[in-house]
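Annotated features, as they stand in Swiss-Prot:
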type: DOMAIN; residues: 2-148; note: domain 'Globin'
type: MOD_RES; residues: 4; note: phosphoserine
type: BINDING; residues: 65; note: nitrite binding site
type: BINDING; residues: 65; note: O2 binding site
type: MOD_RES; residues: 68; note: phosphothreonine
type: BINDING; residues: 94; note: heme b binding site
């Protein structure tokens, strides 16, 4: 299920574009997640009160959290699958503290793909989309394995 060197290159090429505005991309990803899957908003006490897209766009806290999410994901992607050290604390906090189901990680993966498609169509063609999907699936599978070790049925 690993990615080829060429696939990792496609992932990291588009990720370079994301890093030019992590907070903006992250905010868009979270807004897309909350719009497509409103139930996910319930896991975020800090954002539950944000009812409209305009409120979400105006939230500095949402922007900061988007930056945090994509900074962590970027660190994981740059490890090209050798991300056990990065995954462990993330799985621990998402399983024991936040109680985030794996399904929600699938939802945010979809949101990431959609935001990249809309913001970077020239750098995110079918090959890059396929590579990013594989990279995000690898991440989710490894988080799910850690969840299982922790006894979390997410």
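Any Cβ shown, glycine's included, is placed from N, Cα and C.
All features noted in Swiss-Prot, drawn onto the structure.
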{"residue": "4", "record": "phosphoserine", "Cβ within 10 Å": "10"}
{"residue": "65", "record": "nitrite binding site", "Cβ within 10 Å": "18"}
{"residue": "68", "record": "phosphothreonine", "Cβ within 10 Å": "13"}
{"residue": "94", "record": "heme b binding site", "Cβ within 10 Å": "22"}
Quiz prompt | DSSP-assigned states of the domain 'Globin' (2-148) in counts, ordered helix, strand, coil | solution = 116 helix, 0 strand, 31 coil
Self-check item: Segment confidence, the domain 'Globin' (2-148), expressed as mean pLDDT
Solution: 96
Quiz prompt | Alpha-carbon spacing, the residue listed as 'phosphothreonine' to the residue listed as 'heme b binding site', which is rounded to whole Å | solution = 14
Exercise. Between the Cα atoms of the residue listed as 'nitrite binding site' and the residue listed as 'heme b binding site', find the distance and write it as a whole number of Å.
Key: 14
Quiz item: At the level of the C-alpha atoms, what whole-angstrom distance separates the residue listed as 'heme b binding site' and residue 4 (phosphoserine)?
Solution: 29
